[in-house]
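Residues annotated as compositional bias 'Basic and acidic residues' in TrEMBL: 9-21. Annotation comment: TrEMBL describes 37-444 as domain 'Amino acid transporter transmembrane'. Feature annotation from TrEMBL assigns region 'Disordered' to 1-23. Here TrEMBL flags 66-88, 109-141, 161-177, 189-211, 231-249, 269-290, 310-335, 367-398, 418-442 as transmembrane segment.
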Amino acid sequence: MAVAVADEAATRRGERGDGEGKAAAGDAGAAFVLESKGTWWHAGFHLTTAMVGPAVLSLPYALRGIGWALGLATLTALAAVSFYTYYAMSRVLDHCEAAGRRHIRFRDLAADVLGSGWAFYLMVAVQGAINVGVTIGSILLAGNSLQIMYSSLVPDGPLKLYHFIIAVASVLALLSQMPSFHSLRYINLGSLVLSVGYTILVSAACIRAGLSSNAPAKDYSLSTSKSEKTFDAFLSVSILAAAFGNGILPEIQATLVPPAAGKMVKALVINYSVAFFTFYPLAITGYWAFGQTVQSNAIQSLMPNAGPSLAPRWLLCLTVVLVLFQLLAIALLYAQVVYEVMEKRVADATRARFSWRNLLPRVAMRTLYVAVCAFVAAALPFFGEIVGVVGAVGYIPLDFILPVVMYNMVVSPPRRSVVYMTNVAIMVLFTGLGVIGAVASVRKLVLNAGRFKLFNDHVVK
């Protein structure tokens, strides 16, 4: 199998950068799903959807574990480091493209730089887990969003969580027939607008709740137990790091019209501008309003189990609707990598994209994939806990460690240069954070295991 991977990598090194070259090589995944037609602002829309999602609602909870000063400092440091590592990854891709090897998949880049050994297979497994995990998690949370709205309108209604998951999966299966990553550009623009919209709504609701007479007492103290404080701190860092996770930057850069050199920097500016205006307001207002009582989802903090709601019902319903729509966009985005693998195996690049030969397998395979993800979401309504573990062991290696390792290997800055030493420092620091964060995430999973039930009617939070 290693020989096959090496041969495949060698073939990719010789591929032309245009769609015709890929089609001629029989690469239907590249020709159909990862067609290179986008502009830098389209890439900015894709990057924003990949990063700025409902995970932002957990930022106040992350601050709960480390407090004001360290929390905001960590958020800022992770923003700066992640921007740098994404820039480094883009530079590696540009460097390879200039050398005649335009890589359009993370696994292509890994095969070229890391070879076909264990590191390559580990990277492929981690990226696959992230893509599938995000799709399942998005379906689950979207179904839960529908359930929240339904319960507020029909408190004793007969519908269960799995009914809403089926409804979400049906819509997602239909939208999944959009043929390529590039065809999602305007959906992802809408996702960008949605993320800004619900962030403004939730931040405003938190300010209102914090000023309300029904607001909980504002306690910002940390745990008195040293071990508990340590685990909370590393779990918080893992949550903050996962908030900047992407894991599919090479595939997003592949959507750009070649040459891609320099375009991703502009796209990253769009991405981080949106992140700044969404992450900080919600993290600050949510933690300020609720302190140590803040829930892992800021919306849940506004809807306490006891006492009146701390935000108007219309605002909460509108927020849930915006989150629901964006979850569909996120599921579509991360599923593209899986669809690309499918089409590479079953589609015929020498036939038209919408020919019966390619259309029928596409509809069948994509619908089956969504159905399987929906089944897992319904069977494991505590999947968010598992995604937390995947984030700790997935996003940190792919987004913080591999980019700087590959930069030192491909661009080869002098070993005593500031860039080289900075990259080594990032690699060492985030390797340690990833390991400890994974332990903290697994610990939380074990502590909550007693609440997990198959096909439960409520999502474990």
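Even glycines carry a Cβ here, placed using N, Cα and C.
TrEMBL entries are annotated by machine, without manual review.
Since the structure is predicted, the reported quantities are computational estimates derived from the model, not experimental observations.
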Inquiry  = When you look at the transmembrane segment (231-249) alongside the transmembrane segment (109-141), do they share 3+ Cβ pairs under 8 Å, ignoring any pair fewer than 6 residues apart in sequence?
reply    = yes
Request  = For the transmembrane segment (269-290) and the transmembrane segment (418-442), check the count of CB pairs under 8 Å (sequence separation 6 or more) and say whether it reaches 3 or more.
outcome  = no
Message = Suppose I define contact as three or more CB-CB distances under 8 A, residues 6 or more apart in sequence; do the transmembrane segment (66-88) and the transmembrane segment (310-335) meet it?
response = no
Contact between the transmembrane segment (418-442) and the transmembrane segment (161-177) (3 or more Cβ pairs under 8 Å, separation 6+) = no
